[in-house]
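S.K.: Next up is a structure, given as structure tokens.
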Amino acid sequence: MEGSALWQGSVLAGILFWLLSSSYLNLTLKLRSFLQPFVTHYVQTGTPILLQIQSYKAGFFDILFSGLSCVVSVPFYTAFLPLLFWSGHGQLARQMTLLMAFCDYIGNCIKDVVSAPRPASPPVRRVTSTKDEEENALEYGLPSSHTLNTVCLSGYLLHYVLTHAQIQGAYVNYFGVSLACLFVALVGLGRIYLGMHSLIDVVAGLFIGLGILGFWLTVDEYIDSFVVSGQNVTTFGAALSFLLLFAYPTPEFPTPSFEFHTAFNGVALGIVSGVQQTYTQFHHAGVPQLFSELTIPVFMGRMLLGIPTIIIVKFCSKTLAKWTIPVVANTLGIPIKSTTYIPTFNGAKTGEKSKAFDVDTGIRFLQYAGLAWSVVDLVPSIFSYMNL
């Protein structure tokens, strides 16, 4: 117990020290002044390469690469991960969720530190076929989050499958690695073809993703053991999530990157706290899994019941947060503002807006934490009650 509290306190103190020291030394601006001109130069000089790739314009390629971008986007993973939990593959689902949150944090921090532009459009043709892609285009370029996430998540999925598969052999490993490499290559090429990233963005996403994946494969078992059976898990998770909301660089100009980080930060906390409370009931290694003890009709029933439930919980969490956070802030005398969720606070009456707390951050964090908690706690409880 004492050893657990010691390392948890050390981690939190280390993050707090980094937050204060980096702010005092103004590290973000210093790093940006060094990295931004270098990256911007390669983005600009790499435009002819993009135009050459885009010269092979075809409707088939537009559909293919736009589809791949959707498949590896954050909204897709947000929808896919609950199904992974409900299919009985709890360990894989936990690791994929936490890895996704880690990738999102590291990738978006680097984006906003460097604050390097995306390829200029025009002359580059930018294809944004979905609202999600339109929001992505508002972010900075380096690194390519799609490439980074694909390397990490497909790499970890491959590792998990090869580790747990009943079929073993060199040819299986070769096929799996080849398939993962092809998938990563297509996603990276697609980001260039769609005009969303330059070559240096994709290369950076590739190498940063490989670094994160290598790190995660060395700590994944320790993290999972802590989540399911550690001490002070929820308390530590809440404190860590709170600090990570502040341990984030200020971009040169505002982008949606911090919003994406806030959402997945909330998801990670909701998953960790929910699993910690209900592991022995719903998420242990002996639960029925899809294609074995869990039949397809039962899994379909879980989806039909679970998806509407988590949507309702997300709406209720958002509504509750919109009401409670301003009340608490006003009670404590904290000036607040809101640019999205509460229009009445987007004005002069909020006080000095530059020093005001943006309640949108708290609202977004809590609504996604509530959604994630319902995926691993509330919804499985309903499944148990309904014998699903």
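Glycine residues also receive a Cβ, built from the backbone N, Cα and C atoms like all the rest.
Remember, TrEMBL labels are computer predictions, not curated facts.
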S.K.: Under TrEMBL, the annotation transmembrane segment belongs to which of these stretches: 34-51, 88-105, 358-375?
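M.R.: So the range that TrEMBL calls transmembrane segment is 34-51.
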S.K.: Can you tell me which parts of the same chain pack against the transmembrane segment (171-193), counting only residues 6+ beyond its ends and a CB-CB cutoff under 8 A?
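M.R.: For the transmembrane segment (171-193), the sequence-distant neighbours (Cβ-Cβ under 8 Å, at least 6 residues beyond its ends) are 49-50, 53-54, 56, 61, 64-66, 68-69, 72, 127, 144, 146-147, 150-151, 154-155, 158, 161-162, 165, 199, 201-202, 205-206.
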S.K.: Restricting to the same chain and to residues at least six past its boundaries, which positions have a Cβ under 8 Å from a Cβ of the transmembrane segment (63-86)?
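M.R.: Hits for the transmembrane segment (63-86): 92-93, 96-97, 100, 104, 127, 129-130, 132-133, 136, 145-146, 149-150, 153, 186-187, 189-191, 193-194, 196, 260, 263-264, 267, 283, 299, 302-303, 306-307, 310, 375-376, 379-380, 383.
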